[in-house]
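Below is one structure; the comments refer to it alone.
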Amino acid sequence: MGVLEPEDSEEFDRILEENASSLVVIDFFATWCGPCKIMGPKFNKMSNEFTDVIFVKVDVDENEDIVSRFQINVMPTFIFMKGGEQIDSVEGSMEDQLRQKLSANH
């Protein structure tokens, strides 16, 4: 399926609702963020490895309403959702920690 990039909060909410029974991992990033540029390709690669997980990217500058809902202060931040609830998170470009939590939660 690859990585989904919703254009607005309505599309974002629909993705969460349609995939409530699956693990959804959201990458909150900014185009100007150096660590985000490093983690972006790794996040995309993980989407091909963990095919039963829904991967979503949210540009913090384009989706401030979603960012405020999740109280994002650090970029990148990865939020793990299941059943409509946040179950875990990773802040910063922590590839090993992200991979470990993906393995543990899916």
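Just so you know, glycine gets a Cβ as well, placed from its N, Cα and C.
Please treat TrEMBL annotations as automatic predictions, because they have not gone through curation.
According to TrEMBL, the features are:
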- 1-106: domain 'Thioredoxin' (DOMAIN)
- Asp27: site 'Deprotonates C-terminal active site Cys' (SITE)
- Cys33-Cys36: disulfide bond (DISULFID)
- Cys33: active site, nucleophile (ACT_SITE)
- Gly34: site 'Contributes to redox potential value' (SITE)
- Pro35: site 'Contributes to redox potential value' (SITE)
- Cys36: active site, nucleophile (ACT_SITE)
Item checked: Three-state secondary structure, which DSSP defines for Asp27 (site 'Deprotonates C-terminal active site Cys') -> strand
Check: Hey, of the recorded sites listed (Asp27, Pro35), which one tops the CB count within 10 A?
Finding: Asp27
Notebook entry, point to check: What's the most sparsely packed of the disulfide-bonded residues Cys33, Cys36, counting other C-beta atoms within 10 A?
Noted result: Cys33
Margin query: Between Pro35 (site 'Contributes to redox potential value') and Asp27 (site 'Deprotonates C-terminal active site Cys'), how many Å separate their Cα atoms?
Written below: 12
Next item on the list: Tally every other Cβ atom lying within 10 Å of the Cβ atom of Gly34 (site 'Contributes to redox potential value').
Entry: 10
